[in-house]
Amino acid sequence: YIGGVFDVESLVEKLLQQLASKQTILVNVYDTTNRSHPISMYGSNVSADGLQHVSTLNFGDPFRKHEMHCRFKQKPPWPWLAITTSIGILVIAYLVGYIFHATVNRIAKVEDDYNKMMELKKKAEAADVAKSQFLATVSHEIRTPMNGVLGMLHMLMDTDLDVTQQDYVRTAQGSGKALVSLINEVLDQAKIESGRLELDAVQFDLRAILDDVLSLFSGKSQEKGVELAVYISDRVPEMLIGDPGRFRQIITNLMGNSMKFTEKGHIFVTVHLVEEVIGSTEVETSSENTLSGFPVTDRCSSWKGFKAFSQEGSTFPLSPPSDSINLIVSVEDTGVGIPPEAQSRVFTPFMQVGPSISRIHGGTGIGLSISKCLVGLMNGEIGFVSIPKTGSTFTFTAVFTNGCSNPNEYKSHKINNQSNSASTEFQGMTALVVDPRPVRAKVSRYHIQRLGISVEVVSDLNQGWSNISSGNGAIDIVLVEQEVWDRDSHLSSLFINNFKKIDRRTPPKLFILANFISTSRTSATTSGDNTPSIIMKPLRSSMLAASLQRAMGVGSKGNARNRELPALRNLLLGRKILIIDDNNVNLKVAAGALKKYGAEVECADSGKKAVSLLKPPHCFDACFMDIQMPEMDGFEATKLIREMEKHGETSVEAYDNVSNWHVPILAMTADVIQATHEECLKCGMDGYVSKPFEAEQLYREVSRFFQSVPNGNL
C-alpha cells in the first residue's frame, strides 16, 4: 500500500472543470441514511436554486446511504438555438398550413368562378342566338311587306302614268329603299359585333362601281349645285378581285356623309395605288388648284398615321406580290367640317357629331363604324382630317387581288371595257377641253379618254379657238366648262360665231359641262341650231357616251336597259318556273317580274305543294322557294325534293333521256343572316335571293342556270 495526502476538494474541482469546459460545477456529497436529516460530507452548504443532478454513491457500507448532488455554479444560459428553431418550425408549419388552406380555398373559388363563367357563357351564347333569331325574324317581318311595296311600285312604273304620278311612285320607291338601307345597316352592325361578317372574292370592275355610285348621288348634287367627280389613276387595274358590294358600301357611306354636310363647292373621290402616293408631293390644297375653287383640307393629314406609310410595322410590304393591289381612296368635300371636340367619336357606333345633326340631316350614326370594320376586313386602314367651315377628307386603304394575270390581259380588259361602255365610233377622235382648273381638267380628261378619245386641254376660249383654227390637228369635240362659258357672254357669242365660219364638212361639236342648268341658260341653249349641247355632271362613262352619241349621231341612241330587254326575254322565254311563297303579294311580285321576260310561272303557297309539284317527273325549269312558311318550311321541302330526285324512278324515254333530275331551287326570303345563307346551301338549295328583290335580281340568279341550257328540264 502506498499512502499519501490529497486535497480531494481541489482535485475534484479540477476534474469537473475539465469535464464541464468553462462552466463551474459544484458537488455536494450527503449521508442520506436519515432521509429527513441528511449529513453534508463534502461541498458547500449553499442551497440549490436551479437544476441539479443527483446520483447514489456506494462506499461499501451496507448500513449507510450516500448521494452526490451536482449543479452548475452559474444559472444555465437560455437555449436560444432550440427556442429559435422551435419558433421557426412553428412559423413554417403555420405558413404551410395557411398556404394549404389558401390553396384549397383558391381552388374552390376558381371552380366556383369557372362554373359561374360557364353559366354566363351559356347565357351569352343563348342571348347571341336569341339576338340573331330576333334580327332574322324582325328582318323577315319588315322585308316581307317591303318586298311587296317595292315590287308593286316597280310594276306600277311599267304602266301608263303621267308625270305627277311617276314622281309620286319614285318618291315612294326612294323612301322604301331608304328603309331597306337602314335595316341593312343595323344587320351589318349586328354581324360585325358577332364576328360573322365575311367578304366575298369575286372579279369586278372598279370604275364601273364608282360610275354607279356617282349615278346614285348625281340627282342630289345637281339639286344642290355641288360638283361631284371621280378620278381613278391609270395605274389602277381595270379588273380586281375582292368584295365589290362591301367596297361600294364604304364609298356610298363616305359620299353620302359628304353629300349631307356639303351645300357648296365639291365632293371629289380619288383612287390611286399606295405606292403612287408614298413620297408624293402633289397635294391640291390651294383654292386655285381644287376641283371647285373652294379651299380644302390637306389630304396628306388624313393618312398621316397609316402603318402603310411608315417603315416600321407597315401593313403593306415594300415589295408587294405581283398580284396584290393596294389601293388608297380619298373622299374630299368642302362641307361644314367636324368640330374638334367631336372628331374622337366619329367612328363610334350610333354617335352623332352633335344632338342637332340627326334632326337636321338624319341618319343612325353607324355608317362610319361599319365602314371602319369593312376596311379592316380588307386589310386596310381609315382616317380623316377635318377643319370646321372648310371641309373634310376621309381616306382609306384596301388590299385587292389583280383581276388580270398579266399586262396583256389587263390591256385587253381595258379595251373591252371601253368598247362596251361606248361606241367604237369614238375611237380616233380628238376632244378639246376648255377649263382653267388643272384638277377639274384632269377629271374631264380621265372620263373622255375612257371612251378612246384623245384629249387636249386649254385654259380659256381664246386658246381653244387658236387650237381649233391652227389646223395642226382636227378637233372633233369641244367641251367648255360652264364657269368659262358664263364668265364672258360676249366672248362666248364670238366663239359661237367663229364656229359657224369653220370650213369643214363635219365641224366640231360644242358641249357645255354644267353642274346645273339655270332658266336663262336653258332658254339660251334652246334657241338656234349652233348653240352648244349641255352635258350634266357628274361625268360618267355611260352618260358621257350617250350624250356624245345623241349629239353626234353615232352609235345606238336607245336606252341601255331597253337594249337588254330582248336578251332577257330570249333567255327566259318559254321557261317554266315554280314560285313557292305563303304571301300572296310576294307571289304577285315574283310572278310579275318573271312573266315580263316571257317565263311561264306557276305559284303555290306551301312547302307541301312544292314537294308534290316537283316530284319527278315534272316539267319545271327552276323553283323559287320561300324559307319561312307554315307546316313545312323551305329547308325541309328542299331536302325532301332532293331525296326524291336521288331515289326516284323516272321513265328515260318519256322525258328526253333525263334520268338525273336536279331542278335549281333558289331561296327567296327576307332573312339575310349569314347562317341562313349557309343553311340554304347545306339543305341543297342552289342560290339565294334576298327580299326586297327586283326583276333584274331574279334574272341574274336564273341566268346562271339557263345561260347555256336549251328549253326543257335541267
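Placement of Cβ uses the backbone N, Cα and C atoms for every residue, glycine included.
Here's what TrEMBL has on this protein:
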- 1-69: domain 'CHASE' (DOMAIN)
- 78-100: transmembrane segment (TRANSMEM)
- 137-402: domain 'Histidine kinase' (DOMAIN)
- 430-552: domain 'Response regulatory' (DOMAIN)
- 576-706: domain 'Response regulatory' (DOMAIN)
- ASP626: 4-aspartylphosphate (MOD_RES)
Under 8 Å by Cβ from ASP626 (4-aspartylphosphate), counting only residues of that chain that are 6 or more apart: ILE580, ASP581, ASP582, ASN583, ASN586, GLY634, ALA667, MET668, THR669
Residues in the domain 'CHASE' (1-69) grouped by DSSP into helix, strand and remaining coil: 12 helix, 21 strand, 36 coil
Composition by DSSP (helix, strand, coil) of residues within the domain 'Response regulatory' (430-552): 59 helix, 25 strand, 39 coil
